[in-house]
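Asker: I have a structure I would like to understand better, so I am pasting it below and will then ask my questions one at a time.
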Amino acid sequence: MNRVHIKTYGCQMNERDSEAVAAMLRARGYRIVADENDCDILLLNTCSVRDAAEQKAIGKAGYLQQRKKKQPDFVLGILGCMAQNRGASLLDQLPDVDLIVGTQKFHQVPGYLDNLRAARDAGVPIGETIVDIGEEAGSQNTIKDHLLPQDSDSDSQPSTLNSQLRGAAAPPPQITAFVSIQQGCNMDCAFCIVPKTRGDERSRPMDDIVRECEQLAARGVREVTLLGQIVTSYGRRDYTHTNGISPFVQLLERVHALDGIERIRFTSPHPRGFKDDLVAAYGRLPKLCGYVHLPLQSGSNRILRAMNRPYTRERYREIVDALRAVRSDMYFSTDVIVGFPGETDEDFEQTRELFEACNYDMAYVFKYSVRTGTPAAERGDQVPEDVKEQRNQLLLELLRQNSERRNALLLDTVEEVLVEGPDKTGQRFTGRTRGNRVCIFEATPDLVGRLVSLRITRASVSTLYGELMLAGVGRERNRK
């Protein structure tokens, strides 16, 4: 009983947590397998940001309980945000789950599985479900292990645990990596359950993060994405500003100085974290990719106040304009919630106008979801579902049109692309531009991990297609 499959729901933070758990388990002698049908232990790392995410995981767990009836030694565990949010109450719906572990206890999973395995091997009944959702000081420092494919068996899952190359003799090398720098959130947005599921804001020591990035570079990683619930708040309680430079920008500077790291990204920030020092960093740190995920949530000042979001539409637009002044080809993505309680047609129109003006390349548009225990859930002015759906579809159509137009502008330009590995078909290769655009192209395995010049020959709404340039960069980008 040592084959483990981890299925991850939700954000990049969850992906990184799953990778760390997988690496810890592998170090204890467990095998991480890509196919859930081949496992003895299945762990669901869950999301709670919307009710639909929880229901999806509950549905999957309910289905897996049937497997336990046929396979008594099969172990089912629920990890992460839903485990933290619901705790032992999950057993009302899922009585056969063996393990429920919250967001500050991921590092305890190997020990709990060791105990379960020892009991099974000894023929001892398991007894009560293990439930551990307590807070633990220093837990932010435990998400540091990486499951690099070159260190794993050919049937193991790579770092994202969702992108296994089917049919390969061995997994491709890992070129990109997530690095957790901060956990928790103190923002208390009226719609959000994250402070409950992730706890208070906690940052890792800067030296530890830099050392982790240095080790990744030595193992072939060329791009790192720094992760945190509010990543721009990194270190504000632990470090001081130096010459007007925030701790987060100081961290960017140190990672930027590392040999081998060619690109730096980060997510998810908060608009209030974009002070002059961070904006200026885009002009003086060339490894910092010209792509910003900048959550908007609403373009109405009235709704922003109701959401407890401490900025205005005017300030948000100032940030976008300031970043584009530093880099004219800056790419933007965002988060928007439609149908927040009390949102009127006028409020939504203000959101639509700002959404259009900011010229986003990508957006995650969500219908407001009631989350029990949040201030917004108690409001009596909930927006009807059909109105939410109408507003949602309108913004998605605007996004589709804008993405199609902006991608079309890239036709016959030459983009710098980091070759990440074979695409899903295994017939071609994939990589991303500095602006986070996915590209598909023909290449050779020796180019994996290298920055190449790609002439864009075809564009869809979400993907670029191109051909390698043997020399030169071609004409300048023409972005509008």
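Positions of Cβ are set from backbone N, Cα and C atoms, glycine also.
Copied straight from Swiss-Prot:
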DOMAIN    2-118  domain 'MTTase N-terminal'
BINDING   Cys11, Cys47, Cys81  [4Fe-4S] cluster 1 binding site
REGION    145-169  region 'Disordered'
COMPBIAS  149-159  compositional bias 'Low complexity'
DOMAIN    171-405  domain 'Radical SAM core'
BINDING   Cys185, Cys189, Cys192  [4Fe-4S] cluster 2 binding site
DOMAIN    408-470  domain 'TRAM'
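Please go over these features one by one and say how buried each is and what sits next to it.
Answerer: Secondary structure by DSSP for the domain 'MTTase N-terminal' (2-118): 64 helix, 23 strand, 30 coil.
Within its own chain, Cys47 ([4Fe-4S] cluster 1 binding site) has Tyr9, Gly10, Cys11, Asn14, Ala53, Glu54, Ala57, Gly80, Cys81, Met82 as residues 6 or more apart in sequence whose C-beta sits under 8 angstroms from its own.
In the three-state DSSP assignment, the secondary structure recorded for Cys189 ([4Fe-4S] cluster 2 binding site) is coil.
In this model, the domain 'TRAM' (408-470) carries an average pLDDT of 95.
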Asker: If you draw a 10 Å sphere on the Cβ of Cys11 ([4Fe-4S] cluster 1 binding site), how many other Cβ atoms land inside?
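Answerer: There are 18 such Cβ atoms around Cys11 ([4Fe-4S] cluster 1 binding site).
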Asker: For the [4Fe-4S] cluster 1 site given as Cys11, Cys47, Cys81, which other residues of the same chain have their Cβ within 8 Å of the site's Cβ centre?
Answerer: Tyr9, Gly10, Met13, Asn14, Thr46, Ser48, Val49, Ala53, Gly80, Met82, Thr197
Asker: How does the domain 'TRAM' (408-470) divide up by DSSP, counting helix, then strand, then coil residues?
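Answerer: For that range the per-state counts are 4 helix, 33 strand, 26 coil.
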Asker: Can you give me the residues near the recorded [4Fe-4S] cluster 2 site, meaning same chain, not Cys185, Cys189, Cys192 themselves, Cβ no more than 8 Å from the center of the site's Cβ atoms?
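Answerer: These residues sit around the [4Fe-4S] cluster 2 site: Met187, Asp188, Phe191, Ile193, Val194, Pro195, Gln229.
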Asker: Write out the long-range same-chain contacts of Cys192 ([4Fe-4S] cluster 2 binding site), meaning residues 6 or more apart in sequence whose Cβ is under 8 Å from its Cβ.
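Answerer: Long-range Cβ contacts: Val49, Cys185, Arg371, Thr374.
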Asker: Cys189 ([4Fe-4S] cluster 2 binding site) has how many other Cβ neighbours within 10 Å of its own Cβ?
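Answerer: That number is 21.
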